[in-house]
Every structure is written in C-alpha cells, then in structure tokens.
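Encoded as structure tokens, the structure appears first; notes follow it.
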Amino acid sequence: MSRARSKSISGVVDITKKGIIYLLLLAAAFFYLFPIYTAVNTSLKSNQELAYGPVNIVRNPEFANYLKAFSEIDKPIWNSFVITMVATAISSALGAWGGFGYSKLKFRGSSVLFLILVLGFYIAPQSILIPLLRFIGSIGLYNSYWGLILTHTAYGVPITTLLFRNYFESLPTEVVDSARIDGCSYIGTFFRIALPLSLPGFAVVAIFQFTNIWNEFLFGLILTRGADSQPLTVAIGNLKGTTVASWNIQMAGMLISVLPVLIVYIFFLKLIVKGLLMGSVKG
Amino acid sequence: MTVLCLLFAGATALGSSANELVVYHWWTAGGEKEAIDALFEVFIDEHPEYSIVQNPVAGGGGGILRAQIKTMIMAGNPPDTFQITYGHGMISSFVSVLQPIDDLIKGYNIPEDVYEWGRVDGVMYGVPLNLMQNNCLWYNVDLVEELGIEMPIKSLDEFLGVCARVKAEGYVPLAVGAGMGQQFWLGTLFEAVNSALSGGGADFFVDYYAGKTTPSESEVFIETLKVLRTLIVNGFVNDDWSALTWDQASDLMATGKAVFYVMGDWAKGHFTSMNMVPNVDFGYQPFPGTDHVFIGHADCFVLPIGVDRKIAKDWIQFLTTVKAANTFCPIKGAAPFVLDAPLDVYDDITKEILGYFRDDGVAKVLSQFGAPPESYLDVFGTAFSEYFNSPEINENTLGNFDYAYEEVFLF
Amino acid sequence: MSKRVQILLFILPGLILVGLFVYGFTAWTFQVSLTNWRDVGSAGDFVGLDNYIRLFSKDRVFKTSLVNTLKLTLVFIGVTIPLGLFLAVLLDLNLKGKQLFRLIFLLPLSFSFVASASMWTWMFSPEIGSVNALLRAIGLDSLTQPWITSDKQALICIAIAYVWQFSGFSTLVYYAGISGVAPEITEAAKIDGASTFQRYMKVIIPMQRPATLTVLMILLMYSLRVFDLVWLMTGGGPGSSTEILSTFMFRTAFNRNRFGYGAAVGVVMFAISILIVIPFFARLRRSEYE
C-alpha cells in the first residue's frame, strides 16, 4: 500500500519536474524563434498591414514581397553562389592537401609551422584590411569574383587545414605505412588512399566553409563595388541602408539570404555539429 | 557544377569602354534621383554615342559613398567621376587624387565667391552644380494656421516662445532626425541657431571652419550650446531624434506631428515628391533671426587622376551649361549658380532663396559640408550627438568639443 | 621524388598564402602605423610611435571603444557560457523532442551577422519594433524602452543580438562535452545515491573544464573582431556609446581619413588577439605532453 502511494507521489513529482524542464526548454525556444517569427511575419505583410504592428500575425500574406526583394538582389545571389562554391572547393582541397602533410608526414618543425599556419585563423580582419585592398587592386582583381575567391581561400586555409589534420589523425597510420611499403610516394598515397577515405571529412569541412564564406561581409564590402560582383551579404546590408526602409521587403530579402545556410543546417545538422566540434576541440 | 562555376568566375573583369561614363553619386531616391536621371538623359541627348553606368550609393549625406570611393581609389580603380559636396575643406580631403579642371570649366558663368568657395590652393577641382541653403526653417502650413502662429518668425527668442506654445498644444515643435550615420544633421541645426546669435553666423563660421576657433574659448559657441540645451531640456525636440533619418524627420513635419523642421532646402524636394505644394502645404523662411546670413553649399563632380577619357571631360564641361543647371536644379529643388539661367522653371521658394543669395547685404558662408575637412562631419557629428544625449555645459562636455576640434584641425 | 620535396609540396601552398595574407599584410599594416598617412592618395611621413602614443594617452574615443569592447565581451561571455551550459544540461536530460530543441537552439548560427543586424535593429526600434510591440501586446506598456535609440541601452541591445546569434555554439560544445562523459562515472554516482541534480552539479559539470576553455577562447576571439553586427545595427552610435575597436578602426580610416592612425588601431587589435590566443595554445601544448 505505502509502496503504491510513494510511487504515485514520486510520479507526480516526476511530472512536475518534467513540466518545469519543458517550460524552460520552451522559454529558450521562444527566445530563439520569436525574432525569426516576427521576421517571417513582417516579410509577408503588405504595406498597409505593416502599420498594424509586428506581432499581429499576417492576415493576407503578400508573397510578392519576396519577388520584389529577389529582384533587388538577384545578381548578388548569383555572385555569392559562385564565389562561395569555388572558394569552398579550393580552400577545402588545400586543407586536405596540407592537413595530410602535417598529419602523416613527420618532419622537424612540423608543429611549429603548423602553429604558424593555424594562427592565421585568429587574425582580426580589420588588421589587414588596407593592405589586402591594395594588394588585390594591384593584381587587377578588385571588384571581381577571383579577388574574393582568392581572399576567402587564403583566410580559410588555416581552419580547413586544421580540421583535416584532426581528421587524418584519426586515420590509422598502418594504412599509410602499408601503401608506402608497396612503393607509393606520399603524394600517391594522398591521392589513392587518403583522399577517397576523406569524403566524410570533406563534407564537414565544405559545409563549415560554405557557411563562413556565404555569411561573410567585410571582405565583400571592401573588395567589390556595385551589384556586379558584390556578395549577397553586402546587398542585404545596402538594402538595410536605404532611406526608404520598407521593412517587409527588407525582411524578405534577409530571409532569402539566410535560406541556403538554413537549409544546410536543417538537413545536415549532424555534420555541422561534427564540424564545429572538430574545429574547437584541438589536439 | 564546380567546373561551371569556375568558368563563370573567369568572366569577371569589368572594363569600361571608351563611351561609357562610370559615375558615382548618392542620389538614390525621390526628387534627387529623378533630377540626376533627367540630367543624364539630357547629356545622352547631346552625345548619343555615350552611355552612362550609374552607381547610386545610399547613405546619409554621402558618407558611405565617400568611403566606397576611397576603397576604389586604394584598389587603383577610380570611377570616371563622382559626386562630393563642393567646398575647399571637403575637396582638400581628396585633392591628391583629383585633377585640376580650371581649363575645362573656363567660362562657367557663376559668381566669383562661388569659385572661391571651392578653390584649393587657387585651383579648381570640382564643378559646382546646384546651390543649396542650409539655414532654412520649414513649417507645416496647416498646423501654423491652426495654432495661430504668425509667420515669419522674426527672432530666435520669439521662436523659442512659439515652441513652448506648440508643445503646450501637444505637438512636437521641432522635428530632428540625426540617427545612425546621420549625426551630422545636428551640425546643420547648430549652424542655424548659431547664426541667429550676435557674433555668430559669418563672423563665427569662417574662422571656425578654418580651424581657428577653440570651442571652449568661444563665447558664441557656448551660447549656441545653451540654446540647443534649451531646445532639448524643454522637450521642444522629438524624443526619438537619434533613431530617425533626415527624411523620416521630414515626414514628422509633413504628416502634421511636428510643426517646424530645420534642414537644408533639399527638404523641399522631399516634400514636393510627396505631392505637397510650396506655401500651401509647407512653408519656408530663413531660420528665425538669420535672414542676414546665407549658409550654403553645393554638390559638385570631380575628375579623378588617371581618368583622361574624353567622355569624362565632356561630362564636366556639360555641367557648366545653363541647360544642365535648369534640367537638374528645378527637379531637385535647388537653385542654379549660373547667372544667366532663366528663372521661370523654379518655384517661388527657390526664387526666394536665390534672392537671398544674390542680395549683396546677405553674408554668404560655406557650410559644414564644404568648408571644414571631411572628418569634421563624422567627428563633430559624434560630439554633437553625445551632447544632445546629455546637454550639460561643463568641463567634460567642452573638453569633448575641444578634443573633436583638435582631432579634425590639428592632428 | 624525395621525401623532402614532397614535404615542401604539401606544406608550401598553405604557408605561402598565409605568409602573404596574414603575416605579410600585418607587417605592412605595422609599417603604415608608423606613418601619418592621411587622406587617400598621399603617402604620409614616418612618425615613429607617435600614433600609438596618441592612441593611449590622448584619444578619448579609443578609450571609449576599448571600454565598450570590454563591456560587450563581458556581457556576451558572461551570459553565453552559463546559458550554453544550462541548455546543454536540459538537452542531456533526454526528454522527448530533444532533437527539435537542439535544432532550434542552433538555428541562429546559420544566420549571417548582416541578417541578424537587419532583424534586431528593427526589433529594437522603439516605435515599430517587435520587442516593444510584444511588451505592449501583453500589457506591459510601462516596460517599453528606447532600446537602440538610447545611448544607455544600445550596447545591451547589441549584446542581446549577439547572444541570440552565438549561444548555440556554446550549447553545442557543452552538449558534446556532457555526452562525452563516460557512462560508468554517472552510473557510479547513481549507485552512490546521488540525485539527478547532484549528479550534474557535483560530477558532470565540473568535468566540463576543457569545454569551457574551448568556448571561452572562441567567444573571446569573436568578441574582439565583431564588426558586421555593430556596424550595421548602430554604426557606433548613438554618440559613441556602441563604438567598439573594430568600428573605431574602420571609422578612423575611412570616415576620418586617418589611415596611418587607423593602422595603429589595427595593430593593437592584432596584438590583443595574439595575447588571447597564446595562453590557450600554451595550455594546449602542455596538455598534449601530459
């Protein structure tokens, strides 16, 4: 009898505990989702509905807002795609190449050189803004895709190399050694053994870089002029700066810019998690 | 897919052909945009083989455009021409990358003092296009009639009294918009108020913008601060001034929430683009107590070093014609410099402004947009904004202004 | 092909790129900081350490920007680390829907700072923003604030936006750390009679020191270099209430035309990032040898 009662009492306490935890989780979820809700809400409002306040849910969604926003940013969207894809591909490839070298080739000074390379990740972009601008200009790549691709590649190599080195560390050395014994050069081993095995690593690194480069603003601002070559982030920034700030169009444009990475996050969450962790837990 | 992207990435370099004029300006909306578009059309009419590549860059008062121009110049990629505000201070901030244009604009029929406004070391680098007055007071005609205010207001004291009455009736007396990136509009208000004080206006600004006046040692400067303090402390200014852009503040007056508005005469273009009629919906007078001072400036186009194409030179010369002036200025709401421009295309308020300008008894002063070095706008904009947030006149505040002065003129 | 040549082939591309783009450019910036280069076009003369002397002795706005950066960093880190830990614990409790909650908490990380800035600037706008609108909608009108238009609150607004954007990272690292705790340890605690609460407080959380270190370093690094968010939300204003190091540097160079002086600020930022990173790296190498 008492056992049943204590069980039911503890059952009640359990439910209350669970309830509180859910409440907390929901409160956190609210904090994170409320801004997105109001942004989506506003982006669908016509100019008249805008006047009724941002919290009230839209009554007659105006999808035309998205078309209008899209027409303002159509070239920058394409620019961002090209720049991001190419820079991601190149910086990931270089990262795999270098990461393999630091991981599987033992040589004197390897950890020092590696440190020097990785330190590049920590540099604040403001510190090198002006020389970067002058250099890119002097080689004729100002306001071009390749100017930004080169820049993003150079500043992406430290982190991609780090990620790949960590990844290759987990590849057993026996695999490499047996290839060497068979007479394969390191380079050959890289292409024949390591590369095929590194596809999961590539996925993680590529997603990581894609996010970073797609969302980058300062380099895009400095190294381009006008919609011809400017990336989407800069276009969104300009949209915000226009004096006729119709918030519905702005929010629509902003959400368009967020969409690619958002989709990647939703579908590849596990890989994202892996990437963020691989980069942060060093050694 | 990646291969495709690589191929596309190759098609990047932008070369402008000899018949394309790459122009940068900041007239991105409203009457200003219409005006520059019309001007481009007339230029193409006269030179059908040319075409224009416009690059309007938004951002209050041109600050963002100028930053953009600097990055382009640093990258070795200047445009064919760009717009900046006209004045020896502003131009001197760019002079090392500009070509002299004295030969190109020979015969430009404008008053000699206007030439003087823009000469740096005796040389002209920019061709001024449109005359603008800064110390203007705009008012909502309906509200003024409703509240029984007699216009024009004759003195600063009278103005402050009127503000008190307006506030008592529940309206915002003076609309101010000096939000993000636009804090320098407080400098325009400063100019207007200062000119209404004795010892202010022309007597003050010529030296002040030349860097000869230490703020804390200038009685007039401190007097002006006191008046500004009165405006803020008594609630004569809208609470959200630091959140509004200048056109949002204009709208406060246009929609009848505020009665008065201090802004240069480009506000007129803004009002007319909202279909308001001069002297019917909105009115103008020089800021109370300043009808003996004309604080003005202009927009101009320049010729960067490294640009020697005929099309750019043709553009500069085109701007000296009466046709250019009378195409651009009326739509924009400004007045022409050219002395022989027929005035029938201008509205009454513009004619009134031009009348002040041509009156020999009115002292003409170049405003903050042209006279001091470019950094004045940003540095003092911040300083004024801080003062507006806590309008106390003490050692700290005056120290801030002295520091701002040192940073702009002495460093 | 000899091993030597192969080593060089593997490491040279990355080192050349970084050598130029990181170290070369930093050296150039340092050299420029020793000149009084102002106004685009002219080169400026050598003035030695004058710019630095002025920065640290006379410049008021630099001091303000340092203080603001510090304030922002403290609030940002002070909130994000406990918040991340707290949420990670909640997630670890393995309630139903945990996957969904995890996704929600990480969503803001996918946003660019530009997007966040657009969104939060509008949200914090006193008249039409959704924060005040929400307060009004639930009857808390009296709590509405000037938010981003006030020189006293603007920095807090930025901090809130920043926390929103980045706390997911902290949550994630702690979540990984907590899931990585060997089940034997938690089992042992359970056998010893510890309640869930005690298990977390006394065993699991104290084991998160490495995770805290990681989060701390990454957050510090981002705090120092944050630019996009602040520049697009307030531009450093109202007044200089949200001026931070990065916006100060940008403004000094591009709005005030003091390129040499701005370069000095850039070098200071570089020095600070080195100061933050080196201790962490030293710690890491030490633990590698343990």
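Glycine is treated like the rest: Cβ placed from N, Cα and C.
What TrEMBL records for C:66-280 is domain 'ABC transmembrane type-1'. The transmembrane segment annotation in TrEMBL covers C:7-30, C:72-91, C:103-123, C:153-175, C:211-233, C:259-282.
The largest share of C-beta pairs under 8 angstroms with the transmembrane segment (C:211-233) comes from C:153-175, of the ranges C:7-30, C:72-91, C:103-123, C:153-175, C:259-282. Within the chain, the transmembrane segment (C:259-282) has long-range Cβ neighbours (under 8 A, six or more residues past its boundaries) at 26, 29-30, 32-38, 40, 44, 47, 51-52, 54-55, 62, 213, 217, 220-221, 224-225, 245-246, 248-250, 252-253. Ranked by number of Cβ pairs under 8 Å to the transmembrane segment (C:103-123), the listed stretches C:7-30, C:72-91, C:153-175 are led by C:153-175. Sequence-distant neighbours of the transmembrane segment (C:153-175) (same chain, 6+ residues past either end, Cβ-Cβ under 8 Å): 68, 71-72, 75-76, 79-81, 83-85, 87-89, 91-92, 102, 105-109, 111, 113, 116-117, 120, 124, 145-147, 208, 211, 214-215, 218-219, 222, 226, 229-230, 233-234, 237-238, 241-242.
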